[in-house]
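Single-structure report; data block below.
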Amino acid sequence: MSVVQRVRRKIEEKREQLGPALDVWERTVSLLQKQIQFADDMQEFTKFPTKTGRRSLSRSISQSSTDSYSSAASYTDSSDDEVSPREKQQTNSKGSSNFCVKNIKQAEFGRREIEIAEQDMSALISLRKRAQGEKPLAGAKIVGCTHITAQTAVLIETLCALGAQCRWSACNIYSTQNEVAAALAEAGVAVFAWKGESEDDFWWCIDRCVNMDGWQANMILDDGGDLTHWVYKKYPNVFKKIRGIVEESVTGVHRLYQLSKAGKLCVPAMNVNDSVTKQKFDNLYCCRESILDGLKRTTDVMFGGKQVVVCGYGEVGKGCCAALKALGAIVYITEIDPICALQACMDGFRVVKLNEVIRQVDVVITCTGNKNVVTREHLDRMKNSCIVCNMGHSNTEIDVTSLRTPELTWERVRSQVDHVIWPDGKRVVLLAEGRLLNLSCSTVPTFVLSITATTQALALIELYNAPEGRYKQDVYLLPKKMDEYVASLHLPSFDAHLTELTDDQAKYLGLNKNGPFKPNYYR
């Protein structure tokens, strides 16, 4: 019999004699064992004696969590890599170095992301299959500046399949999915973009796309107008030879109309932003879903009972408000347009001035396309922990520059999440430094982007192949017939069946049986 067994037998024999005292003794022994275990754990922890050591451990754990094959890997802060992509010498498997991305080794991962996106962009893939035999973009040299995500990669590769040569940069310094940029570079697209570019990097990438010996762009696909502005200012001779510009943002379209009004727009341009298949789908339905995704990923906020002010009740604002209201938020609207304001009232929202509610709201969201909508005065009056973000394209809506002053402290708490701290301890939660929330901090629905991408592809085909004289030096809307064609390509995904007019019905309405079914001004 072992020593332990003999001791246990002795304890059993004496248990009745010892009574309650034995129970106390056993609990004491158990407590001592836990204290010893805790001391051992502490000793193991102190093997990392410095703050620096602990930070590096935390960073390595955080980095390992981003290695899973999910698109979330795109949204982590990669600032730990101190080497700028501009300083790296990288080549793809074909030996080409005509690109600049974060890490070309991520190409396989990015290819999987693109393949996933293709599954929900069947209409764009259908257009690719229908038209790639004809090569309607053969000879087109397209320079593009858009968000570089898996969805836009499907568009870029569709343009290439239709015969175009493409060079691409990012329209937002935070929205690029690095692995997707790597996959495009591996496929031979001259792409210059990475997540977390500086302002200098941003313009350098655009310039590298435009300025290349032996290659001159003849088409522009822009999102925000920065590429168009750069070519117009820096390369006027190139700008004059452009056959067409396609622009998809409120900001970019506004800049095109300014050029046209001043008589300086020497090429035809297509305003995709105001086409029905952009306004009513990308702006409305996309933002209705992605606003919540971006806010929850960054802040974990619960919306039930929260007071939210949405600045602007255009299509983007309408989508945001519908989502917030559905989760139980109390939503206020600010508007300059009486028609949009009346719509907001009819939808059950209070229309206010920002100054009236700024002290009480928990979240401020800008969706106007304007500048200085949220000023330093507003920011000073906000309550502690108020969340501030922007759903418009440009980073001008929130006066972030006014916050970069010595008396305010900036604290990065998560990727794309900053606490701006006032001297009295008040904190304002600023997301993506005032840049586009959904593409900087989360993803957007693939299917909706298929609608926009198909519209952009058709606009490029139309401008590139239009006979001389059809489009003058002005800004045009996509013909209604093309809008309807884009919509029809997406209906099979829902197993939707259109009703056909009889000859008598078509005559009664004064319509062609095959469309267009609405006048061009109809929205």
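Positions of Cβ are set from backbone N, Cα and C atoms, glycine also.
As written in TrEMBL, here are the features:
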REGION    49-97  region 'Disordered'
COMPBIAS  58-77  compositional bias 'Low complexity'
BINDING   THR149, ASP223, GLU248, LYS278, ASP282  substrate binding site
DOMAIN    283-444  domain 'S-adenosyl-L-homocysteine hydrolase NAD binding'
BINDING   GLY314, GLU315, VAL316, GLY317, LYS318, GLY319, GLU335, ASN438  NAD(+) binding site
Discussion item. Using the alpha carbons only, what distance in Å do you get between VAL316 (NAD(+) binding site) and ASP282 (substrate binding site) once rounded?
Written reply: 8
Worksheet entry | Residue pair ASN438 (NAD(+) binding site), ASP282 (substrate binding site) - Cα distance, angstrom, rounded | 12
Fill in: Distance, GLY317 (NAD(+) binding site) to ASP223 (substrate binding site) (CA atoms, angstrom)
19
Practice prompt. Indicate the candidate from GLY317, GLY319 with the smallest number of other Cβ atoms within 10 Å of its Cβ, considering only these binding-site residues.
Written response: GLY319
Worksheet item: So for THR149 (substrate binding site), how many other CB atoms are inside 10 Å of its CB?
Response: 25
Item to complete: Looking only at C-alpha atoms, tell me how far GLU248 (substrate binding site) is from GLU315 (NAD(+) binding site), rounded to the nearest Å.
Response: 14
Worksheet item: Which of the binding-site residues listed here (GLU315, GLY317, LYS318) have a Cα atom within 10 Å of the Cα of ASP282 (substrate binding site)?
Response: GLU315
Discussion item. Using a 10 Å radius around its CB, how many other CB atoms surround GLU248 (substrate binding site)?
Written reply: 26
Worksheet item: What's the CA-CA gap between LYS278 (substrate binding site) and GLU315 (NAD(+) binding site) in angstrom, rounded?
Response: 10
